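Visitor: Feature list, courtesy of TrEMBL:
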REPEAT    34-67  repeat 'TPR'
REPEAT    68-101  repeat 'TPR'
REPEAT    136-169  repeat 'TPR'
REPEAT    204-237  repeat 'TPR'
REPEAT    306-339  repeat 'TPR'
Amino acid sequence: MSLGYLWSTRHLAAICLLLVFLLAGCRQSNEERALELLREGNSYLQQGQHPEAIRLYTESLKHFPKYADAYNNRGIAYYRTGQLQQALDDYNAALQIRSDYTDARFNRANVFLYTEEWERALDDLRQIAVPYQDSASVYFAKGLAYSHLQEEDSALLAFNRALSLDPRHVEAYVNRGILKMNQQDFTGARLDLETAIKLNRNEGNAYNALAMLLVEQKNYDEALKQVNLAVRLQPKNPYYLNNRGFILTQLEKYREAASDIDASLAIDSTNAWVYRNKGILHLYREQYAAAEELLLKAAGMDPFMEEVYYYLGELYYRQNQFEKACTAWRRAAEKEEPAAVAALKELCSQDPE
């Protein structure tokens, strides 16, 4: 299912802001001025005035070039304004000065999560496991990384630990619910997602994930109601629009589906799932050449994508290309996709091995 990335800058661990820390070895006047500028920068950072905070941290570093806290806090300001490379450079600089600077390492892990460098994020998170052993945010971040690496057991343990430390962690419920859905634990998934909604009725990701759970159960009418709630909260969210487009396709509302899918593609052309869903829409409209091109593109973009080979099999079967259809379904069946397994048993002479 196309769920998009359910975490964002506001969902990640609370950015660690160390207000005061000075290293020795610089003239007192420079230390005092650097500290003064750092404090001024922190005030602007807390008010969300990031450009001014960046300017003040930069001035602080001119007075004290080895000031790890100024690098860390400037990195936070860069991160919050989407300047990820600059943030990463500053966190690296802070860690070069102080290799045991756990706050900077945690912040760097958040950058790696945002840039989908899951292994590097986990490496940083493991190194701060002891000082952050009671942090729900760290375990939540670990769960995200493990989930994207398809290490579901480790992800589940991490989300469980996050929720034991913070029973009101909405994003942990959402992501654990998605994980349970992937493991076919639909009852547990629904409980987690409904808990997330009770805790925060403005959490669009929970409605979106619940819609995808209902899709798994072929309850498309109810799924449409849930995804509509998500879109109402975030009308320009490309993942919600893409998922609604898929649901509308299943309900044979092709014109509305095309509108949503095209809108999603215009916002984010890097999402493999939107190509899959556009391919399915063309398939149902019997536009087979366009459907094949889009489905193959989606498969090439995301090797873990669900049901793309099932739909390719359906595409080939509709065109009487039975050998190609069965080959596609066998590939889908290797991932234990129920629809592909059923198609093989019913329509192909050779069952999946």
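A Cβ is built for glycine as well, from the same backbone N, Cα and C atoms used for every other residue.
TrEMBL annotations: computationally assigned, not manually curated.
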Visitor: Can you tell me how the residues of the repeat 'TPR' (204-237) break down into helix, strand and coil by DSSP?
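Guide: Split by secondary structure, the repeat 'TPR' (204-237) comes out as 27 helix, 0 strand, 7 coil.
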Visitor: If you average per-residue pLDDT over the repeat 'TPR' (204-237), what number do you get?
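Guide: Here the predicted model's pLDDT, averaged over the repeat 'TPR' (204-237), is 98.
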Visitor: By DSSP, how many residues in the repeat 'TPR' (68-101) are helix, how many strand, and how many coil?
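Guide: Summed by class, the stretch gives 27 helix, 0 strand, 7 coil.
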